[in-house]
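> Sequence annotations record features per position, and here Swiss-Prot assigns active site, proton donor to K66 based on sequence analysis. The substrate binding site annotation in Swiss-Prot covers D15, K37, 64-73, T127, R188, Q197, 217-218.
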Amino acid sequence: MTREEAIKKIIFAMDVKEFSDVQYWAELLSQHVGMFKVGKQLYTACGPAAVRMIQKCGGEVFLDLKYHDIPNTVAMATLEAANLGVQLCDLHAMGGYEMMNKTMEALDKNFSGCTPRPKVLAITVLTSSNEETLRGIGIELPVPEMVVKLAKLAKSAGVDGVVASPQEVELIREACGKDFLVVTPGVRPSFASADDQKRIMTPAEAVKAGADYLVIGRPIAAAQSPVEAAQKIVDEIVAG
């Protein structure tokens, strides 16, 4: 794998709340990561302006708002995300088949022809969760089995891929095929701590397992030199 290919796999989690920080990180890392993730805190604080600033700096955007509501509401919200020109957005697989399918139908209807639409990802089981967490909400399945069940449901609804722990990537590949996108948080380079993620791998391990994109935040943002940290992650991926 080339360095350019490795860079494109990295999604930097822009976990900030100040608009000035958006420009700072976008300008600093636009040549060193493949995409920027805008989550709930940043989007609530700054709104679409955060997305536009990243785009102005030449960056691509994963709008990580994890929609989970009645089908029509999620479909309309996803259309608005698509109209912002983001590359990735997501919804919760636990919202069910109808919610996911109606969303994909709305996107395909509104983005037919030459206009590209964003790829839509379904959230499976959050990487901060384990089997005790699932039991607490009445789910008795083991985490890997639940993840695969949700991934297969998402694929049947027409969703482009899933967000899942790197530990479940190979199982998802077996169940859903090589063309189904898998985006993995819970990735920690060899030089970083695990923080609050419970099901983790190194970048090289996750890519080897078949991950298409790696979501990485604190190991880059908290480093003394964020650019150097991003470059080290690229080195790890290339080295395999």
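Using the three backbone atoms N, Cα and C, a Cβ is placed for every residue, glycine included.
Describe the structural context of each listed feature in the structure shown, including burial, neighbouring residues and relevant distances.
Remark: K66 (active site, proton donor) has K40, D90, L91, H92, I123 as non-local neighbours, by Cβ distance under 8 Å and separation of at least 6 in sequence. In three-state terms derived from DSSP, K66 (active site, proton donor) belongs to an extended strand segment.
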> Quick one: give me the count of other CB atoms within 10 A of the CB of P71 (substrate binding site).
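Total other Cβ atoms inside 10 Å, all chains included: 18.
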> State the count of C-beta atoms found within 10 angstroms of the C-beta of T127 (substrate binding site), not counting that atom itself.
22
> Per DSSP, to which secondary structure element type does T127 (substrate binding site) belong, with helix, strand and coil as the options?
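Note: T127 (substrate binding site) is coil by DSSP, not helix or strand.
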